[in-house]
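Data block below; observations after.
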Ligand SMILES: Nc1ncnc2c1ncn2[C@@H]1O[C@H](COP(=O)(O)OP(=O)(O)OP(=O)(O)O)[C@@H](O)[C@H]1O
Ligand SMILES: [Mg+2]
């Protein structure tokens, strides 16, 4: 039984179906790449998987329980964590305080939460006393990862958390994600940078026009006719399909 | 066990100053300003819990203030009960109203929440003003002369001053306590971004509701203190929009979402208000409107996004400086 099983999920905005009959399953312990051209519906799928949006149709099963209509809070509680494509860090709060908000989910007492937050801030290589506002976008993305890690997720949905990094930062970030995977967290990573997908994942799922058009190893997928067509028909090759 | 740290110097000076003030200024006029200041600080601190910390800008807190003010004198008028009995009942009624009002309105965002709270408070004011049971437009009167201490009716300003000071201390102590705990983190996270807070498992609606309940309870107590001090309440002084606006302005002026902001705001606004009222001789609420309007315009001029935003902008500037020098 997969850890997460999304069956026939659809999400429409007005008449437009951003996610259309998507089937998507993740096994415990996997690290999956979710790729696709801009506007393919990847973030919308994440929003459905994380309880941020309720799908118009379909079912989402997590660890055997139906979470389709559960709130975002409930998703966090059962262990589905996510980052946002556009960072949503708590700007007026320090890095440590941001992470503590997440830590309070499993550690109601302040001292325990602070200890958990400190561990994670250290793991992610952030400075605890820095104001979130003073971080650049890469720093904010890293803080988002730290914040959601503090909730002890079993499944982590990373939405372009590695975008916009310098080559050096990128290697650090890849090492961090690998580390999280080794810690036992199941990970789905949306990323336009194929280097990340190639080095981190064994299985890639390609999304286009709201549903899965291909899946397989990274090598298989980039050679797939439909994938090439999807990218060429839209924004170019997967390698250079990064956002404006 | 936690070590008890010595209170910081500023806080100690403030506390000593507040305790000594009515002894140093024994003139009834100055003591009256002191009492008015404390009441404004209590009400604004109560508002600050939901309006400042949680960022849910209520402009209808007079609904709780009014209930707190009316209940003790209503019980006195009906059955001659001492006001002290009416105070906890007022709190319960305010909590009930907060729950009923909060359920739908706390789901609204930003300005819509503010407008909904104004509408409800105004509706209550109008209803109370036409309802004979609670004195309609005339209002209600408390005991003219205290039968015993529990009537909380004193000749001197001094007992009021110290009762109010103790209540302010309690409100600030409760606020300081939650500020550093999970609830304090959760309200700040909600204010900073509900969507992100939810994604981290913060029970957003329940946390906002808790903030509103706590805030309503303390605002109700502020209303009760008001009525035992003045011995009288009418729809305007209990449920009027000025009552709500004063809480917002006092808190926003000093710093919404900070522990001592409301205190600072009251420290500036109340003497200013008293002074201008005196200069122009009984200008009354007309002048108050002008002052409040001026402050709103000033704040809105520099921060059109809303009243409490000004403070955040100032803080951002300060942080930028701190970060730059760090
Ligand atoms: N809240 C919304 N309201 C209306 N349309 C939306 C909304 N969110 C997304 N869309 C539309 O749905 C489609 C899918 O968007 P989504 O953000 O899921 O794509 P994506 O695969 O994440 O793309 P990108 O790689 O650019 O991040 C887009 O056409 C987008 O404009
Ligand atoms: Mg996206």
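Using the three backbone atoms N, Cα and C, a Cβ is placed for every residue, glycine included.
These numbers come from a predicted model, not from an experiment.
As given in TrEMBL:
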- B:35-55: transmembrane segment (TRANSMEM)
- B:62-79: transmembrane segment (TRANSMEM)
- B:85-106: transmembrane segment (TRANSMEM)
- B:118-140: transmembrane segment (TRANSMEM)
- B:160-178: transmembrane segment (TRANSMEM)
- B:211-228: transmembrane segment (TRANSMEM)
- B:248-272: transmembrane segment (TRANSMEM)
- B:279-302: transmembrane segment (TRANSMEM)
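Counting residues 6+ beyond its ends, the transmembrane segment (B:118-140) has Cβ neighbours under 8 Å at 59-63, 66, 70, 73-74, 77, 101, 105, 232-241, 244 in the same chain. If you look at the transmembrane segment (B:62-79), the same-chain residues 6 or more away from its ends with a CB under 8 A from one of its CBs are 43, 85-87, 89-91, 93-94, 97-98, 101, 117, 120-121, 124-125, 128, 134-135, 140-143, 215-217, 219-224, 226-228, 232-233, 235, 237-244, 247. With a threshold of 8 Å between CB atoms, the same-chain residues lying at least 6 positions outside the transmembrane segment (B:248-272) that come near it are 14, 33, 36-38, 40-41, 43-45, 47-48, 51-53, 55, 57-59, 168, 172, 175-176, 179, 188, 191, 291-292, 295-296, 299, 307-308, 310-312.
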